[in-house]
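Student: What follows is a structure written as structure tokens; I'll ask about it next.
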There are 4 protein chains.
Amino acid sequence: MAGNTYGTIFKLTTFGESHGKAIGGIIDGCPAGLEIDFDAIQRDLDRRKPGQSKIVTQRKEPDTVDFLSGIFEEKTTGTPIGFQIVNTNQKSKDYGHIKDTYRPSHADYTYDKKYGNRDYRGGGRSSARETASRVVAGAIAKQFLKGITFHAFTSAVGDLSMDTPYQELDFNEIEKNDVRCADPAFAKACEEKIKVIKKQGDTIGGVITCVIQNVPIGLGEPVFDKLHAELGKAMLSINAVKGFEYGSGFEGAKMKGSDHNDYFNNDGTTKTNLSGGVQGGISNGMDIYFKVAFKPVATVMQKQETINAAGETVEMQGKGRHDPCVVPRAVPIVEAMAALVIADFVLRDKSVRL
Amino acid sequence: MAGNTYGTIFKLTTFGESHGKAIGGIIDGCPAGLEIDFDAIQRDLDRRKPGQSKIVTQRKEPDTVDFLSGIFEEKTTGTPIGFQIVNTNQKSKDYGHIKDTYRPSHADYTYDKKYGNRDYRGGGRSSARETASRVVAGAIAKQFLKGITFHAFTSAVGDLSMDTPYQELDFNEIEKNDVRCADPAFAKACEEKIKVIKKQGDTIGGVITCVIQNVPIGLGEPVFDKLHAELGKAMLSINAVKGFEYGSGFEGAKMKGSDHNDYFNNDGTTKTNLSGGVQGGISNGMDIYFKVAFKPVATVMQKQETINAAGETVEMQGKGRHDPCVVPRAVPIVEAMAALVIADFVLRDKSVRL
Amino acid sequence: MAGNTYGTIFKLTTFGESHGKAIGGIIDGCPAGLEIDFDAIQRDLDRRKPGQSKIVTQRKEPDTVDFLSGIFEEKTTGTPIGFQIVNTNQKSKDYGHIKDTYRPSHADYTYDKKYGNRDYRGGGRSSARETASRVVAGAIAKQFLKGITFHAFTSAVGDLSMDTPYQELDFNEIEKNDVRCADPAFAKACEEKIKVIKKQGDTIGGVITCVIQNVPIGLGEPVFDKLHAELGKAMLSINAVKGFEYGSGFEGAKMKGSDHNDYFNNDGTTKTNLSGGVQGGISNGMDIYFKVAFKPVATVMQKQETINAAGETVEMQGKGRHDPCVVPRAVPIVEAMAALVIADFVLRDKSVRL
Amino acid sequence: MAGNTYGTIFKLTTFGESHGKAIGGIIDGCPAGLEIDFDAIQRDLDRRKPGQSKIVTQRKEPDTVDFLSGIFEEKTTGTPIGFQIVNTNQKSKDYGHIKDTYRPSHADYTYDKKYGNRDYRGGGRSSARETASRVVAGAIAKQFLKGITFHAFTSAVGDLSMDTPYQELDFNEIEKNDVRCADPAFAKACEEKIKVIKKQGDTIGGVITCVIQNVPIGLGEPVFDKLHAELGKAMLSINAVKGFEYGSGFEGAKMKGSDHNDYFNNDGTTKTNLSGGVQGGISNGMDIYFKVAFKPVATVMQKQETINAAGETVEMQGKGRHDPCVVPRAVPIVEAMAALVIADFVLRDKSVRL
């Protein structure tokens, strides 16, 4: 109920604040007998971690995950997988100056009003640091989903947008540039843009596209838990996300039915895929693809006026080491959430027919 | 797990196929002591029902709801509210011709593959007829949420799009035209467009905007069950929806942080509202607004080639009385789902602090 | 949350008050492709219904179930199965005399305090009439669990108790007597006892034993959702139940470990079965057996003093047609709940290993 | 679904095996603003920990809990409370001898059959070590439930049974003896019995009675989630439990209605309390009391024949330091689970009426 759990059978519950002792979680419901590739998990964590390139925050955190249970002799046992990532950056620095200050477009104000008691060091629970736990669980979900591939990449930074159909992209390019885009030229342009923005002490939004391939037919539960509805929720639950569309998306709303319909080939595949791999909330075996919009980071390195808990106007200046654009580091988070969604539906689908 | 329940405390479970005996549901968790306005429920059903105007399907169904439990002497008792809407249109007509045919961009193929057993009369469970049950529950949720207002309206039909800020619209106009738009001139243009499309035997997509006002501060559970994530899921669970964005949405991804931040007034309200009333997944007391994209209806009144269960190419011709554009009838559904989301969060919020 | 749903994958949600229009429910999660034997369902309903013999209440209600969805051409489709049983006994009689009276050891007082609004006609929602919906769902669960057998029977009425090990009983005897006991002589004694009690205008408690056979190994989720813990909850949720024990039960608490341990045969079966078919919360393939204690019905046909809503002492006299002993009619309810528990665990078990 | 979570709003999810790195859990849904008394938590852990007296296992484990999140400046923040207890007793000893051996009346066989992969060191996940996490969460639940008291005590060891009504006992005596009984003379007798049993290398079962006082009226959700049904499930989920009864329990099944009914006083209290504080599944403000039966520990210090994974007969000899009787150490576990049940219902009750 308190919203810290994702999934129904393959379930992740996370805990932890940005400046507490540790963050972590419990994965409950991962099937027994899965061999775990620990290096692959760490690789995904490294793709998310701060300090990895010049266009992300320069904070240094190793983000090493420690598994406490549920894995024995490198295989899952079917019991809950407890894990933690110790917060090494948990300095005893003075947070007095922000204790009572509500940063604009952050969650300080709403947390205070909702809970009446807030861990004001950094973002506390509202910090995107929590997503490291999602990346751990998502990496395990991917291993469970062997054969299904998840490729997310940056498709827009600010007003720079890449419209090459994903079929024409080489996903191997994604990890070759700091922006995580499958198109090297576009990646270059984005990188330049982010550097300019950073120099201005400002931040910029962006869009991530995600493609899931080799999805079995039949995933998703119609009515309320449609496959794309769960994907949408999962994406919208990532910090800074403002929008989600799949298949033809908002463009599809402009079309006529006769143009929008995906006609069948005789093997059940479709000639076009404006449906985005989902029909009636259920996967049809075609590629699933969707877009996720991220707003610009709220912490800018500029002076801003805001209010404090007493309602007085105060001046604040963002300090520290923040991301000028979250999109490059959000790529593995999008993949992780997509993997959690698909893993849960794969398990849900097991009870559907005799 | 089977996905026919929405909500965690204020819960709706629906049942029913388009051509079965009845559709209906159980609302569990509606607080006791709520006086029920039955006319208001029927009014919302009437806004959704077929045959209400010239630009929607001409099928005739009275869609009268019958309450079976949970309401005593016109007040809720805290026990489950069972209700049904009898299917009067359940003719014993011959469905043999579509029994084995997979209509393009419908759920026929995916249901068959998932369940191996499908009620092939009309859309069965995948029919938007199911949403009538949502409208019933949403209407009760609205009554529970007295003071909070929900205004959805058509903001695009095909490539016709209205960009007037909602603050400048008169919501009283919405029910005065068949398209359900708050701008009479735009409504007129959309109506003309839909008529043309209908004459072509074609269909067209559209967009609905929804504005929720007088929302208390503090609704939404951060991390996975953020307020906007649940709204997104709820909207994406409506038949034909392809995208969701709130506040600045996809446009926000193009902006700089210094432009996107909503600066505070001294009373905690904000000068702008690009956040769309939600910060860190929690309502901040400002208006919540979002957009929902609907694809064009898949059933067109034109000849189409498709396949049957044996994988053979067959020709089919849409018949019957279908909507050329779902958006006008989807307006009350969007409102209903929004009300269900908010009602659930209002109840969830009761346990959050001492 | 409001407690009207049982199960996690094979789920039953019920609605309805004793004197409302109808009772019924939604079964969500029953796998697609199950052929339904409607007669078998009605047979179980008939075993529970009032008026079936001289030792139960003489109220007449046909208790005919009407399925509204989820079954097509006599097979389940995987969509929710909605059903209702119309209340034919819903006379417009005057309930004014009990409206404000709290009957002793009934739920009148607690419902009033909890909800502040109560359907005071008969027991309302607290009436055991609700269990008819459970019997419907349980009958379907039994059909899903083909091969697993459920045999419940009366093993005590008041201080009459039968201690014959169940292995020596002939379950075919159960339905041959009105008490539903597998031992004809004991059944006769119980019947006499109930008749005497009834003549006194009094009521009497009893015990039901239930044996589940041919259970696959591996059902149950350890830690909180142990197989016997769910069975216990399911039984304790039946009206009038005061206790539950399985295997050696309370007697086992008196034993030494060396006597209590069930030693293995080489095929994994055990020489004894004090474990009652469950070890570490998981079925081990041996028979599951347990006992359920029922208190005497609170409504006695004698004058009693009680209080009204104003806290004044008032005199009341039970009237109407009540059961002198609930145990004979509770036998199919115990079986139904046991079947719901096992069906849910069978489905849960499908996701446990690769 | 995998059964490692208890509760619906006040939720505990646990992880950890007896010989893994750590056990622990996440408490999600504890309201914000609760001041935490860490010493009280440790006191409850100390009541459960091994080595505390001569009649329990002589294993030494400090069982110190480490909180990782959710508590800030000694108050809860409403975010998940992550905690762990490091396993100090996690020696690299050789478990080869039990790796393939199924100990009688343990969970070795059923885990192996269910999961196909088992942490065979000690009991793994099926070890009662997991209950230390429950004690942590229960201690916090008790602090949340200030004013409501939970008193569990030993009321039987083997065939020694104490039938003094709890009203005549002095709960202050409980912690003054190693058996945790409120009657010093009876405690002495039990202690002697346990010592004799221990000398025999055997084990013995027992019964715990629990009394909950000052419970508000209205807790519990009728139908499936009755207050006593949840208490029953919670108790039956504790390792080694075989039975549960509340109020009049199995004795009540022998009584007549006219004797069993609890007649009202004018203030709504009842003259007797055979209902055990619960009517219709809802608390009525009277004391809640119930009994829990524990089987004798399966590990006896005697030679036993059993089988291995190949189905061969093998001889085994319990070694190590096991409890001759679990009841003394189970007292705080019973209290902890009772507190978790009540805490959850207190929060659930907040949404029940307008």
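Quick reminder: no glycine exception, Cβ is built from N, Cα and C everywhere.
What TrEMBL shows for this protein is this:
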type    : residues                                                                                                               : note
BINDING : A:Arg48, A:Lys54                                                                                                       : NADP(+) binding site
BINDING : A:Arg125, A:Ser126, A:Ser127, A:Asn239, A:Ala240, A:Gly280, A:Lys295, A:Pro296, A:Val297, A:Ala298, A:Thr299, A:Arg321 : FMN binding site
Student: May I ask you to pick out the binding-site residues among A:Arg48, A:Lys54, A:Ser127, A:Ala240, A:Val297 with a CB closer than 8 angstroms to chain B's CB atoms, ordered by sequence, or 'none' if no residue qualifies?
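Tutor: From A:Arg48, A:Lys54, A:Ser127, A:Ala240, A:Val297, the ones near chain B are A:Val297.
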Student: Indicate the candidate from A:Arg48, A:Lys54, A:Arg125, A:Lys295 with the smallest number of other Cβ atoms within 10 Å of its Cβ, considering only these binding-site residues.
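Tutor: Among the binding-site residues A:Arg48, A:Lys54, A:Arg125, A:Lys295, the sparsest Cβ neighbourhood within 10 Å belongs to A:Lys54.
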Student: Express the distance between the Cα positions of A:Ser127 (FMN binding site) and A:Lys54 (NADP(+) binding site) as a whole number of Å.
Tutor: 21
Student: Which of the binding-site residues A:Arg48, A:Lys54, A:Arg125, A:Lys295, A:Val297 have a Cβ lying under 8 Å from any Cβ of chain D?
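Tutor: From A:Arg48, A:Lys54, A:Arg125, A:Lys295, A:Val297, flagged as close to D: A:Arg125.
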Student: For A:Val297 (FMN binding site), which residues of its chain lie six or more apart in sequence with Cβ-Cβ distance below 8 Å?
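Tutor: The answer is A:Thr203, A:Ala240, A:His322, A:Asp323, A:Pro324, A:Cys325, A:Val326.
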Student: Which chain-mates of A:Thr299 (FMN binding site) that are at least 6 residues away have a CB under 8 A from its CB, listed by sequence?
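Tutor: Listed in sequence order, they are A:Arg103, A:His106, A:Thr203, A:Gly318, A:Gly320, A:His322.
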Student: Quick check for the class: what is the C-alpha distance, in angstrom and rounded, between A:Lys54 (NADP(+) binding site) and A:Lys295 (FMN binding site)?
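Tutor: Taking the Cα atoms only, A:Lys54 (NADP(+) binding site) lies 20 Å from A:Lys295 (FMN binding site).
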Student: How many whole Å apart are the CA atoms of A:Arg125 (FMN binding site) and A:Arg48 (NADP(+) binding site)?
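Tutor: For A:Arg125 (FMN binding site) versus A:Arg48 (NADP(+) binding site), the Cα atoms are 18 Å apart.
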Student: Any idea what the Cα distance is from A:Arg48 (NADP(+) binding site) over to A:Lys295 (FMN binding site), rounded to a whole Å?
Tutor: 18
Student: Quick one: what's DSSP say for A:Ser127 (FMN binding site), helix, strand or coil?
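Tutor: DSSP call for A:Ser127 (FMN binding site): coil, neither helix nor strand.
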Student: State the three-class DSSP label for A:Arg48 (NADP(+) binding site), counting H, G and I as helix, E and B as strand, and everything else as coil.
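Tutor: In the DSSP reduction, A:Arg48 (NADP(+) binding site) maps to helix.
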Student: Which secondary structure state does DSSP assign to A:Ala240 (FMN binding site), in the simple three-class scheme?
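Tutor: Where A:Ala240 (FMN binding site) sits, the three-state DSSP reduction gives coil.
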